[in-house]
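Annotation source Swiss-Prot lists active site at His46, citing sequence analysis. Residues or ranges marked as ATP binding site in Swiss-Prot (evidence: sequence analysis): Tyr49, Lys88, Asp514, Gly551. The feature Mg(2+) 1 binding site is assigned by Swiss-Prot to Glu90, Asn552. According to Swiss-Prot, the substrate binding site annotation covers Ser91, His92, Asn93, His94, Arg113, Gln237, Glu309, Ser310, Gln311, Ser554. The active site, proton acceptor feature in Swiss-Prot is assigned to His92; the stated evidence is sequence analysis. The Mg(2+) 2 binding site feature in Swiss-Prot is assigned to Asp114, Asp265.
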Amino acid sequence: MTAPFTPAEIAAEGIKPEEYEDIVQRLGRHPNKAELGMFGVMWSEHCCYKNSRPLLSNFPTEGERILVGPGENAGVVDLGDGLRLAFKIESHNHPSAVEPFQGAATGVGGILRDIFTMGARPIAILNSLRFGNLDDARNRRIFTGVVDGISHYGNCVGVPTVGGEIYFDPAYSGNPLVNAMALGLMETEEIVKAGASGIGNPVLYVGSTTGRDGMGGASFASAELTDQSMDDRPAVQVGDPFLEKSLIEACLEAFKSGAVVAAQDMGAAGITCSTAEMAAKGGVGIELDLDKIPVRETGMVPYEYLLSESQERMLFVAQPGREQELIDIFHRWGLQAVVAGQVIADPIVRIFFQGGIAAEIPATALADNTPIYHRQLLDQAPDYAQQAWQWQESDLSPAAIAGIEIAGQKQSWNEVLLTLLDSPTIASKHWVYRQYDHQVQNNTVIVPGGADAAVVRVRPLDAKPEECVIGVAATTDCNARYVYLNPLEGAKAAVAEAARNLSCVGAEPLAVTDNLNFGSPENPVGYWQLALACEGIAEGCRQLNTPVTGGNVSLYNETLDSNGRPQPIYPTPVIGMVGRVENINKVVGQGWRNSGNGIYLLGSNDGNTLGGSEYLAVVHHTVAGQPPQVDFDLEKAVQKACRHGIAQGWVNAAHDCAEGGLSVALAEMAIASQLGAEINLPDSDQRLDNLLFGESASRIVVAVAPEHQPAWENYLAGQSLPWQKLGVVGTAQGNLTFIDAQNNALIDLPVSALTEPWQTAIARRLKS
């Protein structure tokens, strides 16, 4: 019997003492080094979701358009006309913190493999990114490195990066979030799944060679970031986008041949994960001979083979007798392809090396029957939240027509608006997306920054572009400050905003993929945030009929402060949502089209709050209060009206009110069109700063040409939602003017003055 490992050796694999005892009991013996490593990666939070799985079970996962839900490499929805969309979001947070370029690049590569492993051709990439403030040199290095990595991989692989979101906040200093989402188009009914089947069927290793890069990446991603994390740079993988481009084509050709029974990419935990998951999902076993695996380094031992996360690798189960056909396809594309094993009846993963058995573990022990922790939920909100909820608007200085006093200094509303437009979270992300190739494949309908959601034309390979009018819209959304202050309501708001952004381009929301980025679940506060956010997501998705098709959980996003205490990020449940566009020729952006168009607000300002707002954080340097709460009946009514107006051709511009409230939304529409506007604010008992900069759900600003306004207003009169005409689009080089009910000009600025800080905010900070 193998000698027991020391506690330090066990802990080094991320395994708790009680988990090691469980392993010994399951095997009936002590594991060897390779087996211990296999358990370490497969029982990590990154792979088995041992703290989050009970919470995820509450998500709605079924719907009339859902073809594949959670459990496969990606979700799949039915677009109609024989077309299907595969989509998924995943994180690469920890690798991007220690090696920003490669961490972000391989995050893109990994999510693309999830898509084409299903048999779908990748058609778009989106990203949800979070960084610390750019006045810190390390944060600037991480930010520029991540953007470089995303652009390098996406541009080289030939898939357009079409949208996403970027936030900056001290909560992410040293622990960035890099969440990558991808979409893929399927033209056949055949969906490639991961479950192995067919006793005796050959198992093929295809793609790149195996090296020592990415060793233990899954375990690394399941631990807090510390001062020693830079020593874990070998746990960051190195990607080759040109090789991945060949892998995409080879895999799609192989799937089309009908010779592939099942497929699984080698992502987290590499060979260990792909063999265990394929075997467990199929209820069979897999034997694999490591001596057959193509390598790029000499002297590798089983532990290294099994835990390597070298990129651009796949595992196939093939139809018997058709191995050579598949091998020839991959060789033609300049890729490795070998028969490395077979499917067996005994449901175990058996690994051979140099004529002996290197590892032998029941497949379900690695991939299905893993530890699950049911943690106790706090019976009341933690102290930080209760203290934050004590804040009231009356704690601020009075808001007068001339402005507000902040730290002894009078600021006009003009100055406040310019300050918000200069906030990197609100400001233009042009510095970022100008580095992305967003037009490759020639199907991008709206360029990044042009609308509230990305829109891509759905074009089958053999179709003429002019014949294709169906599109797909996609977005990633989460205001993490809301979730920090109230995880339940903040998560609902994230789902609602994602659907609202799709509705702003005229798309019907279909389904969700989620990326749960949180701190340690072993901290009662962290688990409270996670549990309530999951409850909020479930509620939001049920209300809006957008089932969850899968996603990713990234926990232990924490750094240590100067006293060695863990500092978690803001809880950040990113919602990736996709929608169907009936006719891409009717899609609208956020910029006003023409002078003289009417400007309308769908929804009401009555639900505005300064709690958790960008105004409160940026202008008053305060994070407190209750965030906005979603009225889903109102939310659905507002979105329905917006979609209907776009479909009828009445609405020619739409933009939701998010960070910065009504004033920032209108300023962004003015900047996008370079047209001014005169806005008449309604009479209100609200504070002026709440009316101007307060935030709430369920508000969309739209523009309508004069000839369509009677029909539009007649339609709205028959709907059960509040709305009002705010004003009229002005002229080029005009001013954006806000006038209150007493005819006072609260804000009056040339569009050029709005544009300058908004357009240059990020670039200026990078030069500092």
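Quick reminder: no glycine exception, Cβ is built from N, Cα and C everywhere.
Just so it is clear, the model here is predicted, and its values are computed rather than measured.
Using Cα positions, the member of the binding-site residues Arg113, Asp114, Asp265 nearest to Asp514 (ATP binding site) is identified as Asp114. Proximity to Arg113 (substrate binding site), defined by a C-alpha to C-alpha distance within 10 angstroms, is shown by the following recorded positions from His46, Tyr49, Glu90, Asp265, Asn552: Asp265. Apart from the site residues Tyr49, Lys88, Asp514, Gly551, the chain places the Cβ of Leu56, Pro70, Ile89, Glu90, Thr513, Asn515, Leu516, Val548, Gly550, Asn552, Val553 no farther than 8 Å from the centroid of the site's Cβ atoms, the recorded ATP location.
Taking the binding-site residues Glu90, Glu309 in turn, the residue surrounded by the fewest other Cβ atoms inside 10 Å of its Cβ turns out to be Glu90. Of all the binding-site residues listed here (Tyr49, Asp265, Gln311, Gly551), Gly551 has the Cα closest to the Cα of Glu90 (Mg(2+) 1 binding site).
Cα of the residue listed as 'active site, proton acceptor' to Cα of Gly551 (ATP binding site): a span of 13 Å.
Long-range C-beta contacts of Asp265 (Mg(2+) 2 binding site), restricted to its own chain and to partners at least six residues apart, with a cutoff below 8 Å, comprise Asn73, Gly110, Arg113, Asp114, Thr117, Ser274, Arg313, Met314, Leu315. Every protein chain considered, the tally of other Cβ atoms within 10 Å of the Cβ of His46 (active site) stands at 27. The shortest Cα-Cα distance between Asn552 (Mg(2+) 1 binding site) and any of the binding-site residues Tyr49, Asn93, Glu309, Gln311 is the one to Tyr49.
Of all the recorded positions in the list His46, Ser91, Glu309, the shortest Cα-Cα distance to Gly551 (ATP binding site) is found for Ser91. In this entry, substrate is bound by Ser91, His92, Asn93, His94, Arg113, Gln237, Glu309, Ser310, Gln311, Ser554, whose most widely separated C-alpha atoms sit 20 angstrom apart. The Cβ of Lys88 (ATP binding site) lies under 8 Å from the Cβ of Asn73, Ala74, Gly75, Ile111, Asp114, Ile115, Met181, Ala182, Thr513, Thr549, Gly550, Gly551, Asn552, Gly576, each of these being in the same chain and 6 or more residues away along the sequence. Here the Cβ of Arg113 (substrate binding site) has 28 other Cβ atoms within 10 Å, regardless of which shown protein chain they belong to. For Ser91 (substrate binding site), the number of other Cβ atoms no farther than 10 Å from its own Cβ, over all displayed protein chains, is 27.
Every protein chain shown contributes to the tally, and the Cβ of Tyr49 (ATP binding site) ends up with 18 other Cβ atoms within 10 Å. Mapped onto three states, the DSSP output places Glu309 (substrate binding site) in coil. Here His46 (active site) is positioned 17 angstrom away from Gln311 (substrate binding site), judged by their C-alpha atoms. Among the record's ATP binders, Tyr49, Lys88, Asp514, Gly551, no two C-alpha atoms are more than 17 Å apart, and one pair sits at exactly that spread.
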